[in-house]
């Protein structure tokens, strides 16, 4: 039943959250002071290499900073931000400020670890972008489905299947495009199963997703041990090469990161723009969102709820398929069992963190990619932290995000609810 | 000229129910036809058939003499039929323009929304029919009355000629309802034909040109307001003589049972919704809380029953401070709670009747010995209460979800009333029930009062509050604006208070103006 | 009105327990047992049929035969399937011919070998019972614990540690201690997502999956580092547990049938008693079926969510402890062929009742055991996961079964599982 709502602020930050965030931010400053700043020798320099290895375009000079003063400065800034957050809060900028604090924290971690040594920062960042690709695509897939009201935890399984089919077909045809196409087709097929089970048969969407994940794991392992491991030539697909974009690739720092890279990164950008624009400024987007918010209202206005949801889930399958293909055709060039390693679920967390918008999901995905890449790189620097603990970073970040420390947005009102036409 | 709309022999069966039994109906141009019937009589089913949401098993539909079939709302919209649903079909996070244009969007450059063009048309419709609304506002920020206007504009935007209003006044104050009637008459004057579904007799007599009464899925009579009165209509609707008033003696108020002082409560979004409320309820009296839904009643009830922590203020029950008590502590002090949404809060639909009956007491002897449930005793008790409270169920092990709404409510009543209680908190206890059940529940509440129980009754149905209460508290925007003795309260006075008019401006209620209405 | 007037025979009661709530009309007796078992049975059959199709499609020899002629293709396909499922069947239940021959030869070892498949299926079913109970308990409490796999790993790690590091205890203390340590390890791993769900609304589905990955990494580190076997050269494997910590096996090798099976049955009884006969279970089930009504009735939602996840984790931990103490005797990374994930399927197949879990565990244990025999035919045992996923589809969507077989299947009420909202805190 409708209720009167008078001037309600929906983006409001609760006092508790404001205080908790302030304390967390102050805590970060404290750790930075005690663990990083006071542990570096005065006069030590940290050298950051600003060109990824092996590139000849977009070269930038190394960045050498005095470790102690940099750390001190970052600590002070974080301390100040934390104080302001604690005392009066940043309102709608709270999440952005938290992002800055986290970025500074990570940077001081890097500075501390690099003090007296050298680190290829840009190499790390460009690795982060690549690691973020499947997460972002998973998140986009989630945005498409959930904006239409279908929870899709099968993204993981869809990506895994796409990764394997991409490798297999790519190897057989010796053509990466055929591989990509087949990968997308396999993912769409699974998306169709999810759609039929959850939209037509109205079975619990979480269960439907789990079924698909189990099926995918079983199927890929089965085919992999039956064929891919026996006949190595079936698991050796060509991979999409690095494609520099003329002129843009020559820009220092940005060029190597975004304009001299893999086709999949360009696809991510393309999809980001298309989805963001289409969801919020077109008739297609309005109808899709209406189905996820209030399917009955949409139905009474003559919008076909079922068809719209099918379309959204199938498109989600396309996007997840591209994300899955990236594992084999975009980076490794080989399929391994369970190689998606939870990226699909992390993508869902990125979607939630990004408030169910493509733009938000994009940045959240980059953040996850970044934690992953920091973790991998730091083991090389030899910080004494075991590699397995570093590898936990994205999972723990995901849980922190879900815990709502970083604030949760407004999820589509009818998300996860099957539509009953009575 | 053929009538605008004609239904012939519409029949619809649901498993076990004949919802519509060969219903014939005609609607003329510029006419307001009231479809009167109690909850569950089949009015909404008929209209959902007309709107393409259900398919009839038999029967034909003619628009201006032409036979059409309506498979979906698209067909209905195309035939010029529009419907204002009882539960608004609006998307809170969309703007007014987006809500109205959805499904009939203005677009440019292929598929891009042309919001300004749509907004311009909305403004034009607004001024033509006197339906003021800001096209750029978000629906979630609008009061209910304005939301309803958005719903009406939605129909006019699609150039509907046949407008169906399904229980449109359920969420309005009496004044807002009057405004709605003015709008309806204006629409009829400009040539729109209106079907007005309701179970409220006063409204029918006020606004309709013609009245059709439906009972148990069949048309039982047709009349015009000039030849009808409330008593005859009520009898037609229910099929027997009904008592329009609850028989009750003058209250003999005893000691204070519930004492609320300066209570402040926030909702889930941390907005203050109960803002410094003070009142008390005595043993043997019914304090009714009137107010349009969403003015803080829900949060007030939740605070009193321990479901929501107040921000400040105090609640005392039988002299004991329970401001920070848990729901169980409050229950154990002798509080019964009939929640406003029985299916969401009051029952576990997948559990059998017996388990629902012991939902608040299962852990205490005799239902449990230690941690072991005593199944035998639970079922014996359930069977006894099923008989006592006349719950129509195949057995105590039937799941509650398969019972009718009235019987579900009786399960709650049985559970709450069969315990020794000092305070009864009843939130919309008769929502969506048929007349028989309403009468029954009203009697039970009054009976509890007479036994010396303090009753806090919350209902957006002003009629119900006025009928049952000994004193009436009016809530507006989180505050209690006045507490009025029932014998001196009039409907218009309370209505003004509910709409936010201060007690001084509303003027003291005049003697002799008191009209008690039946709830249906 | 509808109290059970007379006690029907035990078998009927046993099977009726599988069909405990929610059933509306109380059709009693064998008719009802038949009606309720119809869907799972047809689901299993359909799953096996589709599995057969997959085996044919992925068999090189069938393709080659089809290249020769249609007839030889069909014959080869048929033979492949017969071979595969014969292997599955004899692997799971034993080969009658071999058993007869073994008895004729009178060789004790050969007799044990021939009889081994059935006890081995029970050995395979044991972790499934624990893990399936974990998922079922979660379902009944409205929680979807996909983290059973991780909880199982943590339980196994804890049991292993107590198993080899604690020395000098008598067996009747050491073994239960190690087993309880396993339960505790799993309980901790269940508690964390439970706490997060109750306190912050973070959805348990994603959180438990994240906890799985963290558990894998953590055990990898433990087994390669602090818990590594001396002299293993950094391979991720633990020392052997002490003899005193072992769960006893009943027969000489190769029969591994052990006490753990009966512990599992005991736990099933305990879970049944807890869920349906006690006030605690009433709390859990109410919170699971309708948290709003539970709160309204004065129950403590937070406590029950945490309790349910912790108990669920403890059961999962027992699955891990059982495998270490009774079967593997030391811990390595290949501990579980996916018990945690399979258990979701079997809990649903068993309608989330303890008796149902036992029955479907026996089925899945037999399948897993039989699948090892199929591997000899170059059919990877992942086929079992695929068949299980298919079974799960049909159990979850009985309408499909209804359409395929044109049978009347009673519409059961929906499982009490929370649907999709990610943010409990928001609602």
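Using the three backbone atoms N, Cα and C, a Cβ is placed for every residue, glycine included.
Whatever TrEMBL says is automated annotation, not expert-curated.
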Under TrEMBL, the annotation transmembrane segment belongs to which of these stretches: C:237-256, C:257-276?
C:257-276
Matching range for TrEMBL feature annotation, transmembrane segment, among C:122-139, C:140-157, C:194-211, C:212-229:
C:122-139
Of the ranges C:88-108, C:172-192, C:277-297, which one does TrEMBL flag as transmembrane segment?
C:172-192
Here TrEMBL annotates transmembrane segment, and of C:11-33, C:379-401 the range meant is C:379-401
Top partner of the transmembrane segment (C:122-139) among C:36-57, C:172-192, C:257-276, C:344-367, C:379-401 - counted as Cβ pairs under 8 Å:
C:344-367
Give the nonlocal contacts of the transmembrane segment (C:344-367) in its own chain as ranges (CB under 8 Å, at least six residues past its ends).
14-15, 17-20, 36, 40, 43-44, 88, 92-93, 121-126, 128-129, 132-133, 135-136, 139-140, 146, 148, 265, 268-269, 271-272, 275, 384, 387-389, 391-392, 395-396, 412, 415
Look at every Cβ pair spanning the transmembrane segment (C:36-57) and the transmembrane segment (C:305-324), keep those 6 or more apart in sequence, and say whether at least 3 of them are under 8 Å.
no
